[in-house]
Amino acid sequence: MFALRAASKADKNLLPFLGQLSRSHAAKAAKAAAAANGKIVAVIGAVVDVQFDDNLPPILNALEVDNRSPRLVLEVAQHLGENTVRTIAMDGTEGLVRGQKVLDTGYPIRIPVGAETLGRIINVIGEPIDERGPIDTDKTAAIHAEAPEFVQMSVEQEILVTGIKVVDLLAPYAKGGKIGLFGGAGVGKTVLIMELINNVAKAHGGYSVFAGVGERTREGNDLYNEMIEGGVISLKDKTSKVALVYGQMNEPPGARARVALTGLTVAEYFRDQEGQDVLLFIDNIFRFTQAGSEVSALLGRIPSAVGYQPTLATDMGSMQERITTTKKGSITSVQAIYVPADDLTDPAPATTFAHLDATTVLSRAIAELGIYPAVDPLDSTSRIMDPNIIGQEHYNVARGVQKILQDYKSLQDIIAILGMDELSEEDKLTVARARKIQRFLSQPFQVAEVFTGHAGKLVPLEQTIKGFSAILAGDYDHLPEVAFYMVGPIEEVVEKADRLAKEAA
């Protein structure tokens, strides 16, 4: 007993020493790992095999090719045997040779974060690509992170008011939700995205992050210039409201598969450290999956359905689960979705749909009527379109608007064949109100003032509900439908009608 007590006392005396020893060992191990050198043994397109004699870097660590300009970062994807890792290149591998020296950085890809990234364009590894000098910050974060714990998440369902009538009324966005933005070329996706960025900054004081994943370089350049014109990015002072992260179509698949995570990391900093409600735009989420499938084949994984990677659901889930509301702030994500060959059952879009809370569908038919934003009020949906979340009045008005628009749609064939005169009085009233509602769903955007000549309007949700409720009740049946076009709240309809009447007189 005495011997045991003495031994335990001796152990206690040893504890501080053991602690020092383990700390020094950990420091030495970290130093050795950070200083680990390897050499390239094989290059297969975007995949590079690197051999290390000791201190094999863990999976997802960033390696750097020595003496190469511009900087080439490799991300560890697999361990082959005892001393070789298979990595994915974040840039072109042209000119790499066997035996070339590679350094282990000791941690995953780290990028600059914080307010200094606003108004700037960075690439997948966090380097500025807008020719405006380095990003002056010492705050960095790793692009790979765990999703927030359950205890950190906020379970309250809350609307993110965008100030855009058609969105707030018929397919409202949930704070921390994920929205799919469907639309072809030229129907106004970019303008809608810019208006959302602008409104969130003005109404909530929040920041936005735009991740261009595998998009056209020309489109990325146009968006940047349009944001400068629209005042979303300011080159003169620090009032920019958006950070841009680009990995274009011409980039290797490694960069396109990781650039969405880079954008998400910038957004996570604003949410977790500054308590912001952040908007994260991803254009296009399909390219994230596409890049993953390109890399997967090179890594030697057996493809699954339609040639996609076997880890498709895991890759998508690990990214989407990080986009959520916590008790500190929220990330609301708007994701443009390309549907290959218009096949909604394709594994890539089908996997994305499982994560969406709302869909905003832009329709060419509505754009052709000159109604912008060209959001389809019957095709767009939202998970929070529930009276328990949005309130009974909002729910009733939204359903009333959709019903009258659906009735008008079913009457259009009769009108086309027989004309308006053949309709009953009740149907004529339905058509008149539906056309007024259709025009009242249009709205002048602040970022498009330069092109339209109309002053932009941000409409509070209460005024939106009040306006549509009054139109449904027939309070404005006496006003001409042209008065409802391109205005903000319902009071402006009355003003516009009075003005038109005076001009006509």
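Cβ atoms here come from the backbone N, Cα and C positions, even for glycine.
Swiss-Prot lists 1-31 with the feature transit peptide, giving sequence analysis as the kind of evidence. If you look up Swiss-Prot, you'll see G183, G184, A185, G186, V187, G188, K189, T190 marked as ATP binding site.
Shown here: features listed in Swiss-Prot, placed on the structure.
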residue	record	CB count, 10 Å
G183	ATP binding site	21
G184	ATP binding site	11
A185	ATP binding site	7
G186	ATP binding site	11
V187	ATP binding site	23
G188	ATP binding site	19
K189	ATP binding site	23
T190	ATP binding site	18
